[in-house]
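Listed features, source TrEMBL:
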BINDING   Gly170, Glu171, Ser172, Gly173, Ala174, Gly175, Lys176, Thr177  ATP binding site
COMPBIAS  623-633  compositional bias 'Basic and acidic residues'
COMPBIAS  1119-1131  compositional bias 'Low complexity'
COMPBIAS  1136-1146  compositional bias 'Basic and acidic residues'
DOMAIN    76-768  domain 'Myosin motor'
DOMAIN    1551-1820  domain 'Dilute'
REGION    605-638  region 'Disordered'
REGION    1105-1146  region 'Disordered'
SIGNAL    1-20  signal peptide
Amino acid sequence: MTHLYLPFFIFYFLPQRARVWIPDAEEVWKSAELTKDFKNGDPSLQLMLEDGTSIEHKLDPKTKNLPYLRNPDILVGENDLTALSYLHEPAVLHNLKVRFIDSKLIYTYCGIVLVAINPYETLGIYGTDIINAYSGQNMGDMDPHIFAVAEEAYKQMARDERNQSIIVSGESGAGKTVSAKYAMRYFATVSGSTSEANVEQKVLASNPIMEAIGNAKTTRNDNSSRFGKYIEIGFDTRYRIIGANMRTYLLEKSRVVFQADEERNYHIFYQLCASSHLPEFNSLKLSSANDFLYTRQGRSPVIHGVDDTKELSTTRNAFTLLGINESYQMGLFQVLAAILHLGNVEIKDKDSDSSLIPPNNRHLTAFCELVGVTYQDMSQWLCHRKLKTATETYIKTLPRLQATNARDALAKHIYAKLFNWIVEHVNKALITNIKQHSFIGVLDIYGFETFEINSFEQFCINYANEKLQQQFNMHVFKLEQEEYMKEQIPWTLIDFYDNQPCINLIEAKMGILDLLDEECKMPKGSDDSWAQKLYNTHLKTCSLFEKPRMSNRAFIIQHFADKVEYQCEGFLEKNKDTVNEDQINVLKASKFDLLVELFQDEEKATSPTGQVPGTGGRTRLSIKPDKGRDKSSKEHKKTVGCQFRNSLQMLMDTLNATTPHYVRCIKPNDYKLAFSFDPKRAVQQLRACGVLETIRISAAGFPSRWTYQEFFSRYRVLMKQKDVLSDKKLTCRNVLEKLVQDQDKYQFGKTKIFFRAGQVAYLEKLRADKLRVACIRIQKTIRCWLARKRYLRKRSAAITIQRFTRGYQARCLAKFMRRTQAATIIQKYQRMYMERKRYRQKQAAALVMQTILRAYMARQKYQELLREHNAVIIQKRVRGWLARRWYKRCLVSLVYLQCCFRRMKARRELKKLKIEARSVEHFKKLNKGMENKIMQLQRRIDEQSKDNRSINEKLVSLETSSTAERERMRGELNRLRGVEEDAKNKGNQVTSLLEQLEKLKKELSSTQKEKKTIEDWAQTYRDEMEKMVSELKDQNCSLKKEKDDLNRLIQEQSQQMTEKMARAIVEKTQQLETDLNEERSRYQNLLTEHLRLEEKYDDLKEAMNVSKPGHRRTDSTHSSNESEYTYNSEYAELEEGSRAAEDVTRGMDTSLTLKLQKRLTELEQEKQSLRNELENREDQFQRARDDVEFKKARGAELEYESLKRQELESENKKLKHDLAEIRRSLLGNAATGAGAPGSPAYKVVLEQLNASCEELEVRKEEVLILRSQLVSQKEAMHHKETMTEPSAYVEDVSKLKDAGELKQAYIGLKDTNRSAAPDFHKLNEDGELWLVNQGLKETIRLLEHQLQTQRRGYDSEVESLRGELQNVKEENNRQQQLLAQNLQLPPEARIEASLQHEITRLTNENLELLAEDPTASREARVIILRRMVDLMEQLEKQDRTIRKLKKQLKVYSKRIGEMGAGQTEGQTSPGQMVDEPIHPVNIPRREKDFQGMLEYKKEDELKLVKNLILELKPRGVAVNLIPGLPAYILFMCLRHADYVNDDQKVRTLLTSTINSIKKILKKRGDDFETVSFWLSNTCRFLHCLKQYSGDEAFMRHNTQRQNEHTLSNFDLAEYRQVISDLAIQIYQQLIKCMENILQPMIVSGMLEHETIQGVSGVKPTGLRKRTSSIADEGTYTLDSILRQLSAFHSTMCQHGTDPELIKQVVKQQFYIIGAVTLNNLLLRKDMCSWSKGMQIRYNVSQLEEWLRDKGLMICGAKETLEPLIQAAQLLQVKKKTDEDAEAICSMCLALTTAQVNYPVIYYTTFTETSFLNITRLRDRCESPQLLMDTKMIYPVTFPFNPSSLALETIQIPSSLNLAFLTRV
């Protein structure tokens, strides 16, 4: 290491605790700290490592160089290595490691170089949002990124008009290809293309193709590029992609035939093998990759995580996109499959000098079939070759080894040709006919390589890197010199490593390549002879060339990065790249067209600029045809080295002609581990890629650079007050001369101060010491103040404790005395109480004993009587049971005997049947000939049927004759039947009398039995009633308790459900509002797209007009007539222009115009559909609100339910009253034998029993009916609950007024839904009393319901009468209003208005009559039609009269004009002109009653639009006139056109207005004042159209006079929508205009400017200077933003913009500020600090203060800053523990997970990793997007804002030049 870089400084003194870097075998460099001061002359340093180990580091006795010093902690992790104070290898390595491992940042600047470390992990930093964030930004203002380099190249190309190059280099696996791919994706995304050909997509589509045919798996990289490529992306004059061109270098052809272990061939071979199962590939005869020699040598056919089948599909899609059709693709795959089969051709030894291929080799057969050659020819020339002499030609056999090598050479040659062909066709697909203005080249080339065995390929690669390194060194040196000259500081020549000697060694005359070409020309040249020539030529003359000690077939070259030993074996063969010409001739004779096309250029010369065969480079020079074959033969003999040298020189010429940008890719480890850093490998690559050389060149000069303002701000603490002067430059000079004595350590430039390496660290040490002293002084003061405060607090606490303690003791003494006195009194009363209690207990015990004894005796007597009664009952039951058992036994025996007898008879009958069956079977056997007889019988039956038909015919005739006889007999029969009925009736009477007599006898006996039964029942009934009463009392108590509990529960539930319902309504409302806003946003986005297409359409139209031959209109003539065209005329003009352009122009893409027209139509349709959908959503929203109000009516149903509880209580009282009467009647007469039959009590009971039985039957039927109704109601309610929200009942409950209503509602609901109580069956055996009770209740409910229904009907009838009365009143008022309005109208308008009103009235009456009585409506309709005919006739007469009067009016107008009385024109109505004669005499002028209208002539419309819109200056109108004056004038003109009923005038005026506003916005759309002015006027015009439309919704706030000015003839609703769309477009244009103004201010004012000075200091920066964070001239601050916001606000207020619209504009402004600030905060590590968070919060508070001053706090602007506020809080909170993580998760609700993670990763003081994991693992349902969408525009609404200004009072100023308008 020391032989490459010397220490930058030799220090003579190192203090204790200084930190240094010392070499280490494992980690390359280790950090250590001095434990003892070092002085000059000490032989060693006493150091302590970071792990606490103490060591002694001895110095080199020769050089005495000290170790490298470490940089301050403030500089660790810088994004630019040149910002480090100490620039050396360990500092660079440590900075890269910290950024890569700790911060997970893979990009770092090193001056002009971007260092990219491969993370071996997919990162989300390449999305479209990141591209948009870097687009348009300065390279130093954002964190390092490949997009920043691409943006810098794109910006310099546009600014300097100079071609650019991005050079991406690095070793295999470092990520070169991916970096180049992302750079091209950036260009494709940012610039776009100029046509419909999607060139940017084609450029990106070339990547998968080139990766498939040029990339392979190696031991270091799974997708290693085995060729170099340079892609030129072409741009037009507007810097949009128009095409691309690709050049390739040095394809590794040897990989086709050989792969090392763990490596693969090119990806395309494995993709084909993996897809061999597809039907279209069956003809290729492929199988697994392990079956082919060329794909199995590496023994690693599969890459983990890669699906080769899908990759082939991607490759084929890319081919298709680039225009290579399916047939060509299959041809390519056919050639590739042939190469695989060729590798499997086995060549065997025939003898020692010859070889052969066995006949019918299937792989050779497959090869011949695929390429279309004969088997014999190919097998012949694979084993033979042709030798030509001067006179003869010989055919020589080849040994097996040479034949195998020839086979492999042929395979390599075919693949190289195929590679060339693909590259050529890719370039053809990327070529465009548009002229290229500039280009950006992306060079993806191999880095410096050194392996154990290095051959010809590594030699060429390192040769190319030597050339690139030389160009890089010269460019860096040139930039350093330009910087010094620009700042005008003295500088000396910087000594840097020049690798020109190494390049001369390779490419100069008699260099390595020259000697190699010379040896190739020798007949018997060999690698050994070439090596000897190298030794003899360069070993003693060149110090960079060495010979290995142990080898005579190798040589060593000292490259810029390292020494490399090359093995000479194979150099000559690879340089010659020979192929058997006979084999090529066989392939040329192929029947396969694609193969012939590949080899058709074999005889053509290759460009002198050189393209290695097989490299696919595109030739830039062509050979003249007259030199023909001789030159072709000469060029064909060029070697690979010569061609590579020429192509490399052409590449260097291209790079030197462009501005280069460098990307150095670093491979962090050899094991492809994610975010794993190997210092050894990293250092090796840093040395090889030139990063350290850049640092060395920078360190040799002045690497640290500060502007004077930054230096003053940073080191102001080192200055005294007297040192600070008004001139900051002089102040810095004076202070620096005092601080640094050595004048050579710094230089003063024009704008910057330049420092030598280490000086910034010295100044930082001085600053830190000064701040440390200040901190100590502050700490001393604070600690003193805290100690005194603590003492005073303790003293006050002690005094307070003493006061409270003494008071407590006094209170305790008083309390003791009170307790003593109270205890004495308590003892007295306690003793008295105990004696009294003891006496009462004895008395109660005696009474209890007596009661128990008497009760015991009574129970004994009762038990004895009960046992006797039970014994009698048991005897009765047992005797009855014995008698029934004997009877049942006899009955069973009799039945059994009957069964046995019947079974016997059945068996006998069965035997008889069996015998008969057997006899029938015998009869069948004997009569087999019966079939013939049956046939005879059948014929006989047919004959008889014919006879029967004849007989039937006779019967019919007889039947007709007998009909009369039957009628006569039927009368006689009826008479006889009457006689028989009389006899039967008398017989029945006798029978019924006998039955009645028998029934009476039975009733007499049953009545005697019932007498005794009733006597028993009366006794049991009395007992049951008593028991029932007690149970009812208990149940009543339990029900009351349950009622109280349930009332309390229902109150709680009602409150909860009310709150839940309110929340549900709020959420539903919010959801509807969100959906409405989304629909509005979609609609407005479509309007934006529509406007963009219109602008593009206009541009194409202008381009077509420009291309027309002939005279062109001047600007003046065009501007004077441009507004007279309507939409239709413009469309017709466009069609004419497009047709003319098609005839004249050539190459014009008319399909684009047609597509745009089609797209325009589709957008119009989609806009209309969205508009309809938006209206539907608004209707749904309104209906949802109406439903909420409608549900209030359901409270009446609960009132009905509340009555049910009262009904139950009254019914219960009635039953208790009846029960009490029964008990009194029974108990009162019990002693007198009242229970006997015939007694009053017996009669009462019997009557009640009969009544109950009758009522029971009735109630049963009613119960069944009511149950069916209840079931149907429950089903209906269940269906309603499922169709509506479950919270509907809660809203009904919430409408009840007090707790009493809630209780009643609950009891009613409970009674309705309650099932039968489980204990109701105990009332009696059948539960009949309960059923009776329920039946009575249901009856009462039905009656109550009928009463309620009648009451509701009465109320509805009263309401209808009231409504009719109100309608009559309204009709009367309306008639009066119409009468008043008609009186004010002119005569002709008065008649027309009255007719229109009469027609409307008759129509309404007809509709009402039809709804009430259809029959009467028909009669009324006839009458109305007759009246309408009469009215129409009158109307025609009036029209004729009006036309006649108009003609007279024109005549009078002409006469007045001739007589010079035109001044009074328009001041009188047409009716007055007819009635009053006009004389040209002087009449005294009187005040007119103006109607708020302006009249103009048709030919003055263009002048009106021109003066009022196109040439109007907003500034003068806004300052001097009323706001919205142009809108009022236009509307007043529109009113007059409506007044005269001129639809053409209305249409042309509105169309001209809209077109003119669009034109002025297109012309001056960047002027905020103009856009704001016309936004205000457009909204005012829209409000006027609504206010005076005649719609009652818009006329609520109008005065009576304003209502008179409504439009009467036209409905302009459609035009209102068009003007609303125009207002939306103007609003979006206003937002874009504001964004363009605010965008440059936001980052500087919100992030970089220090509003609170001293909170955060400026850190040293490197070559990539950021925007200054100090307020300087031309720098934006927060005050600049606030001033600009105030200017926006005042402008909109002056223009009279609606307040609601101003709020929406301010909300959008604050969203842009918050989004841009947050995006830059997330992408800039230097901004993620605690101090910056404090700065942001202060800036946000200033913005909130501005909102408060303007009265805009409720506009929603503050909420848009919430993500920025939370991000600032995130920078200031603790980030160490799990509790901190939870707090952050609950705090940062407006931020996504990615937005939370980025500041945590970037935070400079963060060292914990557990917290990071917690934050990352937080589960959030959100999009993974990192950046906010700065282009998002909130949907705008235009709330109706009526004007109180009366139109008739508006005066038109003369400054508007509108004298041709006349007030009416």
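Every residue gets a Cβ built from N, Cα and C, even glycine.
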Extra residues within 8 Å (Cβ to Cβ centroid of Gly170, Glu171, Ser172, Gly173, Ala174, Gly175, Lys176, Thr177), ATP: Asn118, Asn221, Ser224, Ser225, Gly447, Cys665, Lys667
Averaged pLDDT, computed only over the residues in the domain 'Dilute' (1551-1820): 81
Cβ contacts of Glu171 (ATP binding site) (under 8 Å, same chain, 6 or more positions away): Arg220, Tyr446, Gly447, Phe448, Glu449, Cys665, Lys667, Gln685, Ala688
Entry from the binding-site residues list Ser172, Thr177 having the most other CB atoms no farther than 10 A: Thr177
Local Cβ density at Ala174 (ATP binding site) - other Cβ atoms counted within 10 Å: 25
Neighbour-count leader, CB within 10 A, binding-site residues: Gly170, Gly173, Gly175: Gly170
Surrounding CB atoms that lie within 10 Å of the CB of Lys176 (ATP binding site), all protein chains: 27
